[in-house]
Amino acid sequence: MYNPQLNAQGQLQHLLSIEGLPKRILNDILDTAENFVGVAEREVKKVPLLRGKTVCNIFFENSTRTRTTFEIAAKRLSADVLNLNVSTSSQSKGETILDTVNNLIAMHADMFVVRHQQSGAAHFIAQHVPPHISVINAGDGRHAHPTQGLLDVFTIRKYKPEMHNLRVAIVGDVLHSRVARSEIHALTTLGVPEIRVIAPRTLLPTDVEKLGVQVFHNMEQGLKDVDVVMMLRLQNERMSGALLPSSQEFFQTFGLTPERLALARPDAIVMHPGPMNRGVEIDSAVADGKQSVILPQVTYGIAVRMAVMAILGGGNAA
Amino acid sequence: MNILIKQGRLMDASQSLDQVKDLYIADGNIVAIGEAPADFIADQTLDATGKWVLPGLVDLCARLREPGSEYKATLLSELRAAMAGGVTSLACPPDTDPVLDEPGLVEMLKHRAKSQALAHVYPLGAVTRQLQGQLLTEMYALTAAGCVGFSQADTAIVDTQVLWRAFEYAASFGYTLFMRAEDPYLAKNGVAHDGEVASRLGLKGIPSAAESIALQTMLRIAQATGVKLHIARVSTAESVELIRQAKQSGMALSADVSIQHLHLTDMDIGFFDSMVHLKPPVRTQRDRDALRAGLLDGTLDAICSDHTPVDDDAKALPFAESHAGASALELLLPLTLKWAAQAKLAPTQALTKITQTPANILGIAAGHLQVGASADVVIYDPEMEWRVDGRALTSQGKNTPFVNHAVTGKVTTTLTQGKLVFQQETLQSR
């Protein structure tokens with residue numbers, strides 16, 4: 001099947017979504033990231049793979065954390081980095097997304113890292129850039145956040161290398177979550193046999209089962225014997241009104257407490273893409289507990305983003 | 001001006017006509033079929049050997065974008081597109097800017113359309129002022145100005161009391177209401193069918209129930225008020241079944257489907273193809289199959305183009321931000337015949353869905369080749385094979401989801417009121 005992310009040789013041209021990427025490419029990114037984990041521990045935290053290249057972070061939607069991790073990753077690869085916060089500049093003056101992109105092309109950028117509030121924006125930009133430019137989707141609407149999905153599976157692989165034998169639960173607002181979609185595709189491609197989503201119906205997409213997941217509306221049942229618990233961020237505007245009655249009720253029904261975590265396997269790990277709402281999605285005792293791998297996720301995120309950039313930039317060795 | 005169309009295959013279900021014959025036109029009307037009338041001397045002869053001679057098409061929904069959105073298209077550009085597609089009569093919905101809710105605007109549109117002397121334009125007036133769903137328009141005065149029916153275009157009447165009153169008022173005068181069924185709350189911010197594809201792509205969905213819930217309300221009110229109701233652009237299997245049941249119960253109503261919905265499904269969105277951003281959204285294969293079946297068994301009466309030219313900039317955006325709509329006047333006929341071939345339906349029967357039946361729904365004298373009728377005639381080459389190319393469309397809107405679709409057959413000549421207004425060769429040589 002045609003995949004706009006791959007070139008004619010089947011190599012990664014853009015990273016827009018995990019969906020449709022072959023397992024060999026995912027493993028290649030994860031293996032390359034392994035090599036980059038050590039770079040952060042060196043005295044000189046740089047490799048010269050993208051020297052002379054310009055990486056442009058185009059953020060149509062604010063996100064300090066994601067933008068920073070991409071910036072650090074690019075700089076550790078010796079690239080020059082441009083940060084554009086478009087939400088507060090050009091677009092408010094009426095410039096179209098294509099105008100913005102064309103200006104950056106004219107400035108000879110080599111790689112675009114794009115975040116946009118609309119699903120499909122990264123695909124749209126990838127369709128309009130010349131072949132020498134690669135586009136990395138840093139989150140588009142509810143659609144995909146592939147580097148977050150990859151860093152999550154990278155983290156899982158670190159703690160649970162037997163991927164073919166895992167039971168993973170994803171908890172919370174799957175409906176609005178690009179992270180959840182990317183995680184589901186990544187886990188499925190890498191052969192994880194059982195993926196559960198746990199949420200009320202109002203926070204689940206229609207026909208979510210067709211993504212290859214089992215649906216639970218009860219936290220206790222859903223967490224039983226899982227190896228990995230991935231909590232999702234719940235945004236404030238969704239906590240009261242028609243999607244959920246209140247944040248308190250959500251925590252009562254779907255919050256991750258030590259008692260509920262005890263239903264999972266004893267060595268289960270707890271993940272969260274951040275930023276966390278403590279006391280809404282997750283109890284502090286769990287977030288800071290010994291099963292939590294939330295901070296290592298952040299560290300691995302830089303290595304994974306370095307790997308993606310290095311592969312797209314033409315090299316894959318640390 | 002006397003025109004003889006020689007040796008074409010004349011097809012008109014209204015008179016069970018499907019034969020190779022000559023067609024004689026004098027002073028804008030069809031004057032004879034087969035035998036020349038006495039003293040007929042042709043000023044012009046069109047050789048239609050090997051071609052089909054059809055009634056001019058009647059389209060229940062084509063946006064001309066004028067007044068108000070001339071940057072998207074103009075009356076002239078879209079009437080030329082209609083001619084290139086063989087559409088000689090068309091109804092335009094009232095969602096212009098300003099909205100067609102005043103007799104003066106309708107008169108102006110009719111006048112300007114008439115001065116082009118291309119397709120016959122039949123405006124649908126707004127049901128409520130500014131399409132805001134609150135105050136009824138002057139339906140009587142709008143009818144006197146030239147409206148053939150009333151519509152809310154894509155805007156729902158949320159207040160069911162207003163909806164009831166609108167149906168009652170229209171029923172008093174026997175006016176037809178052309179209503180699209182969509183619950184605005186369930187459809188809010190939606191851009192694609194709410195199903196597997198939208199969930200996978202992270203697009204806000206419009207559930208099928210948004211259509212069927214609104215449809216059930218309309219059917220119930222229509223039953224109570226006795227209004228002449230036409231359900232426009234049905235998109236779901238559920239709706240087809242509701243309309244089927246209503247018709248079986250003896251209710252008089254009609255319904256149409258767009259040519260897009262007859263051929264496409266939500267899978268065609270692929271990787272966020274904004275050309276497939278349509279209103280209502282294209283739905284699942286099951287829905288498409290039900291629409292086709294409904295059209296075959298007569299539950300759905302007509303096919304419309306739902307022609308909605310959109311400027312390039314409005315499509316060159318991420319899917320959800322792009323404007324909905326497709327340019328379709330020029331594809332209505334070949335895609336209807338493509339459906340007919342796939343459904344193993346005789347072309348003559350399929351043609352009634354875009355000629356005679358929509359003419360009856362609009363209450364206009366059009367859509368057939370009977371002697372005495374206005375000579376709105378299309379000559380069609382059934383053999384010409386081509387691939388759809390948006391840039392090659394006559395319409396100012398180059399937006400079509402059918403790019404690269406293979407189609408067979410093309411309009412070569414269109415006559416309106418006996419006047420030769422389109423010839424493919426002429427156009428190509430320009």
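From the backbone N, Cα and C atoms, a Cβ is placed for every residue, glycine too.
Annotation source TrEMBL lists domain 'Aspartate/ornithine carbamoyltransferase carbamoyl-P binding' at A:13-157. Helix, strand and coil residue tallies for the domain 'Aspartate/ornithine carbamoyltransferase carbamoyl-P binding' (A:13-157), in that order: 69 helix, 27 strand, 49 coil [DSSP].
The local packing around A:GLN148 (carbamoyl phosphate binding site), expressed as other Cβ atoms within 10 Å of its Cβ over all shown chains, amounts to 26. Positions annotated as carbamoyl phosphate binding site by TrEMBL: A:ARG65, A:THR66, A:ARG115, A:HIS145, A:GLN148, A:GLY274, A:PRO275.
A:ARG178 (L-aspartate binding site) is surrounded by 24 other CB atoms, counting those within 10 A of its CB over all protein chains shown. Taken from TrEMBL, the feature L-aspartate binding site covers A:LYS93, A:ARG178, A:ARG233.
Look at TrEMBL and you will find A:165-311 tagged as domain 'Aspartate/ornithine carbamoyltransferase Asp/Orn-binding'.
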Site of maximum Cβ density within 10 Å, from binding-site residues A:ARG65, A:ARG115, A:ARG233:
A:ARG115
Listed binding-site residues A:GLN148, A:GLY274, A:PRO275; those within 10 A of A:ARG178 (L-aspartate binding site), CA to CA, turn out to be A:GLN148
Are there any residues at least 6 positions away along the chain from A:GLY274 (carbamoyl phosphate binding site) with a Cβ closer than 8 Å to its Cβ? List them or say none.
A:ARG65, A:ARG233, A:ILE294, A:GLN297, A:VAL298
Which numbers of helix, strand and coil residues does DSSP report for the domain 'Aspartate/ornithine carbamoyltransferase Asp/Orn-binding' (A:165-311)?
62 helix, 24 strand, 61 coil
Residues among the binding-site residues A:ARG65, A:THR66, A:ARG115, A:GLN148, A:ARG178 lying close to chain B by Cβ (under 8 Å) are A:ARG178
Farthest-apart CA atoms of A:ARG65, A:THR66, A:ARG115, A:HIS145, A:GLN148, A:GLY274, A:PRO275, residues recorded for carbamoyl phosphate, distance in Å:
17
Shell list (carbamoyl phosphate; ref centroid = CB of A:ARG65, A:THR66, A:ARG115, A:HIS145, A:GLN148, A:GLY274, A:PRO275; cutoff 8 A):
A:SER63, A:THR69, A:ALA138, A:GLY139, A:VAL179, A:PRO273
